[in-house]
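So the structure is just underneath, and the comments pick up after that.
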Amino acid sequence: MTAKLSPLLSRLTNFCWLFLPPLLFFSVLYGFYFFNTELLLSWIVNLWWMSYASLAIAAIIAWQFGRSRLVYACLLLLLIAANKELTLTPELFEVRYSGILFGFVFLLYSKDKGFSALNLCFSLTVLVMLFVLSWLAIPHILLVSQPWLTSLDSLLFQLSADIRSLLTPFNAMLLIIGLLLGLLRLFFKTDNTHNALYFALALSAFMHIYRDAEFALITIVSLACLFCYSVLKDSFTMAFKDELTGIPSRRALMQYVQTLGRKYTVVMSDIDHFKKFNDTYGHDVGDEVLKLVASKLNKVTGGGKTFRFGGEEFIIVFPRKTSAEVLPFVELVRQTIADYDIALRAKPRPAKPKKPLAGKKAPAKKPAKEQIVKVTTSFGVAQRSKEHSDFATIMKQADIALYAAKKAGRNCVKVAKQ
Ligand SMILES: Nc1nc2c(ncn2[C@@H]2O[C@H](COP(=O)(O)OP(=O)(O)OP(=O)(O)O)[C@@H](O)[C@H]2O)c(=O)[nH]1
């Protein structure tokens, strides 16, 4: 039960953590807006062009990093920024509200497909169609949904007369649908880009509801900053996190090394007989096992920081510790991995198993039913010393110790000779 709950909990925690920086960011900005209105008003003249400039900068950054959806998001926000006096007729106002709201829902559910002419045409056509559909459908939907809208109207009125004066029941209904659809997507696809798009969805609706030009402009500037932040944060994650295992990558290790002092220990770890494992159960199962081993190594105690070095090799760095001091922690993690029962779930077999072609390898053996397997890991430990003071040499020492561990029968820890 706990094992089943933990991925859900970690997804939920991840979800909340992603929300935190933008929430803080918006709180500061809105705090400034609501409590320093005088000061802000003197900025308003600048805010007009600031909103355009920030959207242009965000669009250029997003374009450079191949985030097509954020470029389209900037275009949607431009529709709000461009209409500075908010002089649309009520009908067109509704069309823009619903077009932008569902435009963001579309962006949340689509993928960054680059800027080829075909993709560009497709996405822009869908976005334009959403506005056309809103224009055509809103009168009919209004008519059909009248009975529910009346009850929603009375509910809104009971909630607050202020809300009721700002928000029509129809807009409230669209907002609820948009927010729920967005939230559903966000729950399954939690990353900075989706997070930024969801904020844009919710705030674009509030910009329409609140109908305050300054509020709209400051929100647009904030959203443009959030888009830039999400592009840069995602790129940082991509560069410094290993895609398969989710732990810091070799590049992150090389950066981390710069921060180390004069005393630290490097541990090199390698999965035993992994080639055989891959050949027996297939590369996909091998990937799952790599993820599992990485997660166990990542939980190493004693202040160790784990990195995927490449293939089935991992590095753990213990700052401010000697080889002798890290041994109990390394032993503990080795034992944890060796004791862990890996359940390989049976995959549905094809009705007729295909015969391997002549000269080709037979397909990997799939477990017939749930099968428990185990993997072990070997470790080589080396500490920084006067003789071995640069990182490359310490790594070499750890590699020699790892080789000794493999020669000693694997599933053990060996310390490099000083
Ligand atoms: N599934 C999977 N396999 C990988 C990945 N990276 C490397 N490998 C495999 O890891 C295996 C490493 O094999 P070897 O270096 O020969 O070592 P070994 O079989 O683990 O044997 P010992 O290290 O001597 O115990 C190769 O078969 C690689 O294909 C990966 O990302 N996923």
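Residue 1 is the first one shown; counting continues down the chain.
Every residue gets a Cβ built from N, Cα and C, even glycine.
Unlike curated records, TrEMBL annotations are generated automatically.
Database features (TrEMBL):
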- 262-418: domain 'GGDEF' (DOMAIN)
- 12-35: transmembrane segment (TRANSMEM)
- 41-63: transmembrane segment (TRANSMEM)
- 70-86: transmembrane segment (TRANSMEM)
- 92-109: transmembrane segment (TRANSMEM)
- 121-143: transmembrane segment (TRANSMEM)
- 163-188: transmembrane segment (TRANSMEM)
- 195-210: transmembrane segment (TRANSMEM)
- 216-232: transmembrane segment (TRANSMEM)
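For the domain 'GGDEF' (262-418), the mean pLDDT of the prediction comes to 86.
As a quick check, the transmembrane segment (121-143) and the transmembrane segment (216-232) miss the bar of 3 or more Cβ pairs under 8 A, pairs 6 or more apart, so the two do not touch. Counting residues 6+ beyond its ends, the transmembrane segment (92-109) has Cβ neighbours under 8 Å at 69, 72-73, 76, 79-80, 83, 86, 126-127, 130-131, 134-135, 138, 170-171, 174-175, 178, 181-182, 185-186, 189, 194, 197-198, 200-201, 204-205, 208 in the same chain. Counting Cβ pairs closer than 8 Å and at least 6 residues apart in sequence, the transmembrane segment (163-188) and the transmembrane segment (70-86) reach fewer than three and form no contact.
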